[in-house]
Amino acid sequence: MSAPDTAAGVAEFRAEVRAWLAEHVPAEPLPPWTEREGFDLHRAWEGRLFEGGYAAVDWPTEYGGRDAGLRRSIAFAEEYYRAGAPERINMGGLYLLGPVLMRYGTPEQCARWIPDLLACRTIWCQGFSEPGSGSDLASLRTSAERDGDHFVVNGQKIWISMGGFADWIFALVRTDPEAGRRRKHDGISFLCIDLRSPGVEVRPLTMVDGTRGFAEVFFTDVRVPVGNVVGEVGRGWAVAMSTLGFERGAVFGDHAKFSRDVADLAALAGARGLDEDTHALDELGRVLVQTEVYRANVYRLAALAEAGGELDSTASINKVFWTQMQHDIFDTGLRLLAQDGAVVGDPGSLPGADAATLRAWSRWHHRYWYARAAMIFGGTNEIQRNIISERVLGLPMEPRR
Amino acid sequence: MTTFDQDRRQLVALTDDVLRAHCGLDHLRARLDDDTAHTAALWGRLAETGLVSALVAEDHGGAGLSPAHLSGVLHSLGRHAVPEPFLETAVLATSVLGALPGPVADTWLPRIVGGDALAVVRLGELTPFLPYAADADLLLDLAADGSVRAFTREETEVVPVPSLDPLRPLARVTVTGEGTLLGSDRAVVTRTRSLAVAGAACLLAGAAQRLLELTVEYVGVREQFGRPVGSFQAVKHKAADLAVMVDMATAAALSAFDAVDDPDGASRAAAAKAYAGDAAARANVDALQLHGGIGFTWEYHLHVWLKRVMGLAATYGTTTALRRDLARELLARVTEERRG
């Protein structure tokens, strides 16, 4: 981990980021990434971020990052959201796979995959869940049978974010069913698979709001080189668990995104003439307070991390909090719009509103549904509550197999 | 770890040691039996250890520390339900007197440092009732226009009111004399309000933390259907949700108190207190629910903390009032930005 940032160093970096974003952020917002055209534009934007040196500022310099400490990483995120820059489509690859490769990957694997990952020349997706294995992820059944120097993969993965646009998938597969029968977490491997391999079929999933940002992937006798296993064969569970912290907590700087969402919420209330409506003030105040609390928590965790503390036990607490807060923000917006909440993004709901507010409203329902998804993905909030009660509070275990 | 962090950690450890020894359940029980909260003995201990004078400048006999040294101490005081006006005297009054030097400060600061005088601070609408006023020797009244006046005991009329939390007695105070003008400085009033609001948030977070601890301990040993009730998901998930709120409230409260001198100190304090009030309300409801009948008894001590969080939540700004003020500020700012 890099050295703690000095206040002056952070301020200088912040100014540099702000100037770069002011020059490069597209004036017109990009179309949603959930359709091909929008996705390609977002991908091009990730490329520009990479060229500017901003794809992953906290990554070590040896892998193409800037070795930015936590304070600079937070400053980058704050500036990014403040500038209204496009949604990041490469975060999953950068922070779910990247750290795994750096920690468990061979030098050859790192050299082969990391540069294209960082530059967003390759889009990676995560293949963990299966139709029968959600919260009980370790019950997964997609098999990978050894055949010479290849594995032959058969099975199905589901709820794959950006699966319809991805080039590669990192998946959990069962390489040793015998070991799995003794202990289900054993005999699982972390395998990288080129989605263009013969026998792979990607089917986009149309989600509840009609968008197609997710997919399911079917594997039929897909041959994958043994060298594509990350970490030890049969020990993939530990490798996979090391990535979950990202989805659950350690996303430093995303508080700025929520603060921006709450500013949009205030603008919606203002455009509806609710400035003096005590009910609206109560609702707005509640979510505003949550975002302020979350910001304080981000800085606390950063300080904890700088002091060498472990963040694993905070990840579940963080995940429950931010996902509920995010839901509260978008749910509140729909309720403040009252009967007009039943109409998706209608500018007529906000007469006289400025362009930024109308844009926020046009995306509101989509963001609302995403917020619902967030309480489910990355380990449902109910699973997080099990983790918190057992591992943080020390309450007795549930009986489980 | 920096020296500053080490100092803070040592202060919290010191506070915990003193409170474990001198402010355990037996002390709180005795106070309830006597119908008194403050005692010269416990206050004397807090003074002896230097906690009461931590914020007082060295030339007045204090340690000259910054508020940021005391956030964890306040959290610990809340956890132990300390029945003493530490926030009022050792944080608010010492800060006001330190900021407005003169004969009043020269007279009273040494007495406070020695543990021989208690002072309370009136902050307009934030303090319709003053905690521990009946025990106080000095009242500092901070008006919205920035003027600060000191009133001695003889210049006030103190009428105790029945306090929900008997270990945090309240009174209505009317001033009968002229008092002494210490000075007029809006910045002092703003800062003192932030200290009060963020300080109360730290106390609340600590008290809510104790409710969580008592509850986790109880459901871990109480058995029904042949197993600890804490092994049932219905119970575990309630406890987990409470743990989330208490943890977040603690993060916000401590950082708001530490940042009281930042440009956004007032709004951070308000957000922290608003959320701590929410977390404490959740702790109040769930702690009793998960304890079941035992939590209702006078004999068991849960009520000490149930009442502590209720009393503190109603003091130094309620969640509702603070949220509305913050929402108004945000609306004004966003309207301004988007118009421009």
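Backbone N, Cα and C define each Cβ position, glycine as well.
These come from TrEMBL:
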type	residues	note
DOMAIN	A:12-119	domain 'Acyl-CoA dehydrogenase/oxidase N-terminal'
DOMAIN	A:125-222	domain 'Acyl-CoA oxidase/dehydrogenase middle'
DOMAIN	A:234-393	domain 'Acyl-CoA dehydrogenase/oxidase C-terminal'
Mean per-residue pLDDT computed across the domain 'Acyl-CoA dehydrogenase/oxidase C-terminal' (A:234-393): 91
Counts by DSSP class (helix H/G/I, strand E/B, coil) across the domain 'Acyl-CoA oxidase/dehydrogenase middle' (A:125-222): 12 helix, 51 strand, 35 coil
The domain 'Acyl-CoA dehydrogenase/oxidase N-terminal' (A:12-119): DSSP-derived helix, strand, coil residue counts: 72 helix, 0 strand, 36 coil
